[in-house]
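A quick write-up on the structure given underneath.
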Amino acid sequence: MSSTTRLSAVTATAAMALFFLPGSASAAPTQALPSQCAQSGSAVTCTYLASGGQQTLAIPANATNVRVTVRGAVGGAGGDGGGGAAGRAGGNGAVVTGALPSAAGTTLTVRPGVRGADGTDGTAVAGTGGAGAGTGGGGGAGGTGGGAVGGGGGGGAGGAASVVQQDGSAVAIAAGGGGGGGGAGGNNTTRTGGLGGAAAAAGGAGAGQNTAPGGAAGASATTTGATAAAAAGERAGGAGGGGGGLRGGDAGATAANTGGGGGGGGTNRVPTGGSATASNAAAGSVVVTYQGPVVRPASVRGDVRYGEDGRASIAVSGSAASGSGTCSFRDGDVRIVCRTITSVTSDGTGTATITGTALTQTGAVVGFTAVVKDGASTGALDSLSLTLGTSPAPVTSGVVTRGDLAVS
């Protein structure tokens, strides 16, 4: 049997001492995992989509093996020319993976990139370019046609990059793909647009009578891909916009009687030891995983003696977000009755943690944390410890000498 430890700071006069009676505790909320996160055992997975915009995630201080999978957005497709020359697809966004070894105890800011908008088809008039969004550059409008000849298709917009910041500094960037070039106007269906460049790759040249090169990868001076100018040449296809990234891609070029050049992809920032592939053909996303403590809803029951002279009465239940029930502890000068229960959780191996506020014999309301160990599953003795306020050490603790503590 281990001895009981006591903290003299909670001593008071006998006249102010509380009788050892269980107190009724009301429920009070506490923070749970964000709605984007799910936990299975110790593994926590948090998934953020482009539709959710920029968000933050606090990584617990005791988390381990923090990793990210960051997907940049695909570029938009170019529109077809009015006579049927095909616009081409936008380039794939990057998939960047890697570990963040210093992320525990910090806040991550995640910004998934939006997919590049498609250019519209040319008709008797020019097609419009896809509008830029996020860090993706806009596509250019197609060239004008001549009546029945038909206008050029609009260029697709570049895909936006997806970014993870740790305490304000970018630690992972998955580039977006460049937008596809629009098909040329007129009735020559071979004058197709150029493919949008995948992340970290140049766009393809447009086909036709003249030269319409694709945009270079990562040629922008900023994180935003370049926006393509409207096609000036007759029957020209619209050029694709550049994809976003650590540096955005350049826009494609245009030329008369030629499909528009595809936009270049942006460039990546890869965590040390990580990897990058140009394989995402959808909108951007960010997935953060880490190993954290197992946190399960729990119930704790027991009227016990522990240590040399400690007594505890516990009947609580709850989860990481709320709790209710009664509890009280008495050990020498330490006498408290639980006032509110904020959480009751189990690690899945018979150890439960109860948090809340308690009333001391001095009339003070203090925060408390009780750790209860049910030894039934391991063959060990039941035990408990109680910490008050911000004290780093328990005010009372010991193994159970009479009665039983049950954690379920």
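Our numbering is plain: 1 for the first residue shown, then up by one each step along the chain.
The backbone N, Cα and C atoms fix where each Cβ goes, glycine too.
According to TrEMBL, the protein has these features:
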type: COMPBIAS; residues: 198-207; note: compositional bias 'Gly residues'
type: COMPBIAS; residues: 208-221; note: compositional bias 'Low complexity'
type: COMPBIAS; residues: 258-267; note: compositional bias 'Gly residues'
type: COMPBIAS; residues: 268-278; note: compositional bias 'Low complexity'
type: REGION; residues: 198-221; note: region 'Disordered'
type: REGION; residues: 257-278; note: region 'Disordered'
type: SIGNAL; residues: 1-27; note: signal peptide
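Nonlocal intrachain contacts for the compositional bias 'Low complexity' (268-278), taken as residues 6+ away from its ends with a CB within less than 8 angstroms of a stretch CB, comprise 68, 72, 91-100, 170-175, 177, 198-201, 245-246. With a threshold of 8 Å between CB atoms, the same-chain residues lying at least 6 positions outside the compositional bias 'Gly residues' (258-267) that come near it are 72, 75, 78, 81, 85, 87-88, 90-91, 93-94, 135, 137, 139-140, 142, 152-153, 155-156, 158, 161, 175-184, 191-220, 223, 225-226, 228, 231, 233, 236-252, 278. Helix, strand and coil content of the compositional bias 'Gly residues' (198-207), in residues and according to DSSP, is 0 helix, 1 strand, 9 coil. Secondary structure by DSSP for the compositional bias 'Low complexity' (208-221): 0 helix, 2 strand, 12 coil.
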